[in-house]
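According to TrEMBL, the protein has these features:
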TRANSMEM  9-28  transmembrane segment
TRANSMEM  48-64  transmembrane segment
TRANSMEM  71-92  transmembrane segment
TRANSMEM  112-138  transmembrane segment
TRANSMEM  150-171  transmembrane segment
TRANSMEM  177-195  transmembrane segment
TRANSMEM  216-235  transmembrane segment
TRANSMEM  315-334  transmembrane segment
TRANSMEM  355-375  transmembrane segment
Amino acid sequence: MDKWFGQQAVYRVSMGNFLFFGCMSLALLGVKHRGDKRDAYLHHGHPLAKLGLWLLFTCLPFLFPNEVLNVYSWAARVGSGVFLIIQMIILLDFVQCWNDSWAANGEEDERWLYGLMGLTVVGYGGTLTLAGLMYAWFKPAGAGSCSLNIGLITLTLLLVVAFSVLSLAPLARQGSIFPSSVIGLYAAYLCFSALQSEPRDYACNGLAHRLTAASGGTLALGMVVTLASVVYAAFRAGSNTSLFTLDGSEDGEGGSAQRQALLADVEGTGSAGLDGVPDVAEATREAVTGGAPKPDAAAAARAEALAPVSYNYSFFHLIFALASMYIAMLMTGWGSVAQDKDRIDVGWASVWVKLGAQWVTGLLYMWTLLAPALFPDRDFS
């Protein structure tokens with residue numbers, strides 16, 4: 001009974017956070033200019049008012065009947081999966097950008113290329129080391145064959161070999177060995193995390209026999225790491241010009257299109273279209289295109305108001321809404337009633353979710369290698 005009540009409390013707090021960030025996401029939908037009042041008053045302003053709303057939303061689900069929480073628990077499973085997929089896409093993009101940046105720098109200074117080579121060796125070395133530890137820890141002496149654990153570790157290594165070989169094949173036009181080493185290390189980590197989440201009384205979980213159940217300090221550290229990754233995911237996804245971004249970010253072709261649209265809007269209103277301030281169109285053109293600013297302070301302020309926002313506010317809050325679901329799944333063992341309150345992220349549901357995330361990551365990475373060759377007419381840069 002205590003376990004059930006604890007799980008219900010986690011779901012209610014999670015639902016409150018989901019509702020708060022979900023409403024913020026909807027309220028900020030379509031904010032493209034810095035002059036939008038929602039930017040100043042809702043996203044960046046009034047922190048105490050938002051804190052009060054957050055507390056209200058957190059308490060509100062405690063008034064809901066259990067049937068509503070049961071529906072939310074199943075929705076949270078789906079939302080958590082979406083959150084994991086977004087994290088995987090961001091990881092793939094980050095690694096590829098890292099590789100491209102250092103490779104470009106290596107054209108002028110070979111030390112960047114040596115750095116990539118060194119990190120590649122470290123990545124594969126870490127993968128093999130982690131695999132060796134998993135073979136030792138998750139097939140303890142006297143526990144039998146532990147064929148499941150041995151098979152999962154071996155499949156992980158085969159997956160790493162598969163996309164590493166593919167990245168060097170001529171078919172992979174944008175392939176590189178460094179991203180493969182990083183994704184391989186991440187795949188090995190997911191396998192280790194999955195095996196570590198096996199039930200504590202499972203004979204083949206040798207690591208659980210050496211470690212105590214997750215303590216409050218361990219949980220706090222895990223939550224800090226998760227929240228840090230969420231913040232990075234939100235800023236990375238919202239500000240990236242090719243992933244989950246607003247049409248017309250400040251960089252690239254989209255940014256250029258938005259500049260033209262802003263200038264056209266101002267020119268269409270005429271010089272006296274904004275409170276009679278002269279030369280507003282010209283001042284806006286100068287401010288948006290990077291030219292010399294005009295001395296008219298009012299025109300400069302309006303130009304700043306028409307400038308595009310630096311990242312997607314709506315998606316920023318959507319990430320936090322999905323993360324609220326994901327943290328609830330971690331704390332309840334993905335909805336397992338048998339989850340102990342002092343054992344966080346333990347159970348067969350957690351094991352299979354992490355293994356599924358591992359294979360989705362590997363398949364997504366292989367798709368990024370094959371897609372340019374399969375669809376040569378599309379731009380995958």
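Cβ atoms here come from the backbone N, Cα and C positions, even for glycine.
Keep in mind that what you see is a predicted model, and the values were worked out from it rather than measured.
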Does the transmembrane segment (315-334) come near the transmembrane segment (9-28), with 3+ Cβ pairs under 8 Å (pairs 6 or more apart)?
yes
Leading stretch by Cβ pairs under 8 Å, where the reference is the transmembrane segment (71-92) and the options are 9-28, 112-138, 150-171, 177-195, 355-375:
355-375
Top Cβ-contact partner of the transmembrane segment (177-195) among 112-138, 150-171, 355-375 (pairs under 8 Å):
112-138
